[in-house]
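Trainee: According to Swiss-Prot, the record shows the following:
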BINDING   GLN39, PHE40, ARG41, GLU42, LYS43, ASN74, SER112, LYS141  4-amino-2-methyl-5-(diphosphooxymethyl)pyrimidine binding site
BINDING   ASP75, ASP94  Mg(2+) binding site
Amino acid sequence: MFHKELLKLYFICGTTTCQGKNLYTVVEEALKGGITLFQFREKGESALEGLEKLELAIQIKELCKKYNVPFIVNDDIDLAMEIDADGVHVGQDDIGVDEIRKLMPDKIIGLSIRNEEEFQQSKVEYVDYVGVGPVFDTQSKDDAGGAIGYEGLELMRKLLPQMPLVAIGGIQTKHIKDIIKTNMDGVSIISAISYAKNIEKTVREMSEQ
């Protein structure tokens, strides 16, 4: 069962977005700090594939389970189904959410929506939450598109008054209070957590915002 409280502090990471640190250790520190949701996002030039990717996903899924934090897979529906992940998150150019819902009737499904145009072409009735952004410019995602700012978040809340919404894109600890004022249910963080010197402490500070 999906609750919007899960979106409060949503950590997204893979081996290509943790500055060469051990991903398992990074996620463990973030879990100790109090992240509420984790997304395994294994993308980029040096991303793991095949068996390596599968084995790491299983390890991190089990780690998340220990902390009662749902484990979401980015884009890779086959992997999510193979390891019985708690859900998937997809973008506008991936497989349709209506198709995913048929394959994964009881799982969490998240969808990225940037603006009104994307909203109009999205089948939001099939998803549990929407990721909105990028709020600010970001280096973590090559395909993120232009920043939408706080105004973009406010617009998405008007378009989707009842939908659980999580902001993403270039978010630092100092932004969280203002983002929550736009009626977002939480924030998605990549590099501000994974690049932190003390991940556990950084996550605690974020969750206190």
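Here the Cβ of each residue, glycine as well, is placed from N, Cα and C on the backbone.
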Trainee: Just name the most isolated of the binding-site residues GLN39, ASN74, SER112, going by other Cβ atoms within 10 Å of its Cβ.
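Mentor: Checked GLN39, ASN74, SER112; of these binding-site residues, fewest Cβ neighbours within 10 Å: ASN74.
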Trainee: Distance between GLN39 (4-amino-2-methyl-5-(diphosphooxymethyl)pyrimidine binding site) and ASP94 (Mg(2+) binding site) at the Cα atoms, whole Å?
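Mentor: Distance between the two Cα atoms comes out at 16 Å.
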Trainee: According to DSSP, does ASN74 (4-amino-2-methyl-5-(diphosphooxymethyl)pyrimidine binding site) sit in a helix, a strand, or coil?
Mentor: strand
Trainee: Filter the binding-site residues ARG41, GLU42, SER112 down to those whose C-alpha lies within 10 angstroms of the C-alpha of ASP75 (Mg(2+) binding site); answer none if the list is empty.
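Mentor: Of ARG41, GLU42, SER112, within range: ARG41, GLU42.
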Trainee: If we count other C-beta atoms within 10 Å, could you say which of the binding-site residues ARG41, LYS43 has the fewest?
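Mentor: Counting other Cβ atoms within 10 Å of each of the binding-site residues ARG41, LYS43 gives the minimum at LYS43.
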Trainee: Between SER112 (4-amino-2-methyl-5-(diphosphooxymethyl)pyrimidine binding site) and ASP94 (Mg(2+) binding site), find the distance joining the two CA atoms and give it rounded to the nearest Å.
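Mentor: Just about 10 Å between their Cα atoms.
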Trainee: For GLU42 (4-amino-2-methyl-5-(diphosphooxymethyl)pyrimidine binding site), which of the three DSSP-derived states applies: helix, strand, or coil?
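Mentor: In the DSSP reduction, GLU42 (4-amino-2-methyl-5-(diphosphooxymethyl)pyrimidine binding site) maps to coil.
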Trainee: For GLU42 (4-amino-2-methyl-5-(diphosphooxymethyl)pyrimidine binding site), what residues in its own chain, 6 or more apart in sequence, show a Cβ-Cβ distance under 8 Å?
Mentor: GLY14, THR15, THR16, LEU48, LYS53, LEU56, ALA57, ASN74, ASP76
Trainee: Could you state the CA-to-CA distance between LYS43 (4-amino-2-methyl-5-(diphosphooxymethyl)pyrimidine binding site) and ASP94 (Mg(2+) binding site) to the nearest Å?
Mentor: 14
Trainee: Given a separation of at least six residues and a C-beta threshold under 8 Å, show me what packs close to PHE40 (4-amino-2-methyl-5-(diphosphooxymethyl)pyrimidine binding site) in the same chain.
Mentor: CYS13, GLY14, ALA57, ILE60, LYS61, PHE71, ILE72, VAL73, ASN74, ALA85
Trainee: Could you round the CA separation between ARG41 (4-amino-2-methyl-5-(diphosphooxymethyl)pyrimidine binding site) and ASP94 (Mg(2+) binding site) to a whole angstrom and send it over?
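Mentor: That separation, Cα to Cα, works out to 14 Å.
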Trainee: Same chain only, sequence gap of 6 or more: which residues have a CB within under 8 Å of the CB of ASP94 (Mg(2+) binding site)?
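Mentor: Residues satisfying the criterion: ASP75.
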Trainee: ASP75 (Mg(2+) binding site) has how many other Cβ neighbours within 10 Å of its own Cβ?
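Mentor: ASP75 (Mg(2+) binding site): 19 neighbouring Cβ atoms within 10 Å.
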